[in-house]
Amino acid sequence: MPSNKSVSDAPIVQFTNCRILRSHQLQREDLWVREGKILNPEKLFFDEKGSADIQLDCKDSIVAPGFIDVQINGGFGVDFSLATDDFKSGIDLVSRKILSHGVTSFCPTLVTSPPAVYHQVLPQISVRNGGAHGAGVLAGAHLEGPFISKEKKGAHPEHCLRTFEEGAFQDLLATYGSLERVRIVTLAPEMKRSSEVIRELTKQGICVSLGHSVANLSQAEEAVQHGATFITHLFNAMLPFHHRDPGIVGLLTSDKIPAGRRVFYGMISDGIHTNPAALRIAHRAHPKGLVLVTDAIAGMGLAPGRHTLGQQVVEIDGLNTYIAGNCSVSPCSPGTKTLSGSVATMDTCVRHFQEATGCSVETALEAASLHPAQLLGIEHKKGTLNYDSDADFLMLNNSLYVQATYIAGEEVWRQEALGM
């Protein structure tokens with residue numbers, strides 16, 4: 001067969017002996033990559049008369065789209081909600097470290113902070129493609145607060161919470177400084193004037209998420225009708241499910257969602273934030289909306305002890321993270337017992353989700369890849385291995401441990417012990 005050199009100077013790489021996650025199924029076929037994109041082999045063979053320049057044996061690995069984390073507050077000692085002049089170096093560190101956990105794209109997340117923090121941090125967030133330098137920064141930041149409920153503030157500092165005044169959207173702009181580098185905003189929909197804010201954010205292409213809220217179901221439905229499409233960490237920091245008014249949780253089975261609209265919801269599948277039974281209930285009620293998030297804080301990847309989450313000090317004990325109580329010894333005796341983010345990695349969340357729900361491997365992998373891409377409206381290029389999509393993918397073993405991470409078709413991380 002003629003070489004592809006007559007068509008393009010870029011080499012074609014053929015990944016063989018693998019099971020590819022495509023069209024919701026693991027399919028035994030080869031993966032073809034050129035210039036950072038997934039190739040259609042039929043077009044290559046019949047239209048271009050081309051062939052592979054390089055063949056790589058995947059040794060029966062699962063090949064799945066790279067994971068996308070739309071709620072990550074930091075990790076490895078870096079806190080995205082702390083304003084520094086060298087914020088970029090923190091982003092760089094986290095983006096490199098999460099490659100080993102299968103994350104190829106993410107939205108840096110800031111918890112409720114003073115306006116000065118947003119004004120200093122947001123201009124330093126640069127949307128960029130992933131590569132050997134680390135995971136890509138997707139479309140902008142996720143701003144979780146400060147327009148949230150005092151009653152369900154969780155680990156968010158109460159003195160920084162804000163409400164919408166007369167010029168509601170202008171209040172938001174003044175608080176954040178700019179929306180240029182913002183992709184998701186979490187707010188409480190029961191707040192006065194929230195509807196006009198949701199409409200305006202949606203008009204500007206920003207995803208509105210409902211969370212840290214005491215909203216009832218009708219208030220949540222109204223928010224969705226105005227454009228909200230996401231729920232921030234379902235079950236956490238919201239009214240518990242009640243049979244007469246299920247609150248925000250009721251959106252999973254609401255009959256008042258506009259036609260053609262899908263409500264997505266984040267789940268922290270770390271075995272701490274959500275009981276496995278609750279995880280199963282949510283998944284069985286609305287499987288196509290489930291988006292796995294880590295909600296990771298600066299302490300992810302570090303030893304137990306005291307770390308930060310924006311304006312708060314948190315105590316890490318195993319996989320438990322709490323707002324630190326007043327004590328002079330470590331570990332701190334139980335203080336508030338308010339959960340404050342997670343230290344679980346995305347690959348751990350995927351494995352726990354699959355084990356807790358008994359779902360298929362395909363379903364577990366798509367909850368961390370396809371679904372967040374759909375939420376952000378980028379499923380034509382991310383979160384999938386369809387032809388012409390970005391060649392961001394993982395090689396995993398049957399137990400869903402990451403063996404290698406690829407971005408734009410280039411290997412950016414490999415588990416040395418499992419080297420091929």
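Cβ coordinates come from backbone N, Cα and C, glycine included.
Per TrEMBL, the feature domain 'Amidohydrolase-related' maps to 62-412.
The Zn(2+) binding site annotation in TrEMBL covers GLU144, HIS212, HIS233. Applying an 8 A CB threshold to same-chain residues 6+ apart, the list for HIS233 (Zn(2+) binding site) reads GLN71, GLY211, GLY266, MET267, ILE268, HIS273, VAL293, ASP295.
Per TrEMBL, substrate binding site is recorded for ALA155, ASN236, ALA237, ARG244, HIS273, LEU339, SER340, GLY341.
According to TrEMBL, the active site, proton donor/acceptor annotation covers ASP295.
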Sorry to bug you, but what's the C-alpha spacing from GLU144 (Zn(2+) binding site) to ALA237 (substrate binding site), rounded to the closest Å? 12
Out of the binding-site residues HIS212, ARG244, HIS273, the residue with the smallest number of other Cβ atoms within 10 Å is ARG244
For a quick check of understanding: given the listed substrate-binding residues ALA155, ASN236, ALA237, ARG244, HIS273, LEU339, SER340, GLY341, what is the maximum Cα-Cα distance in angstrom, as an integer? 30
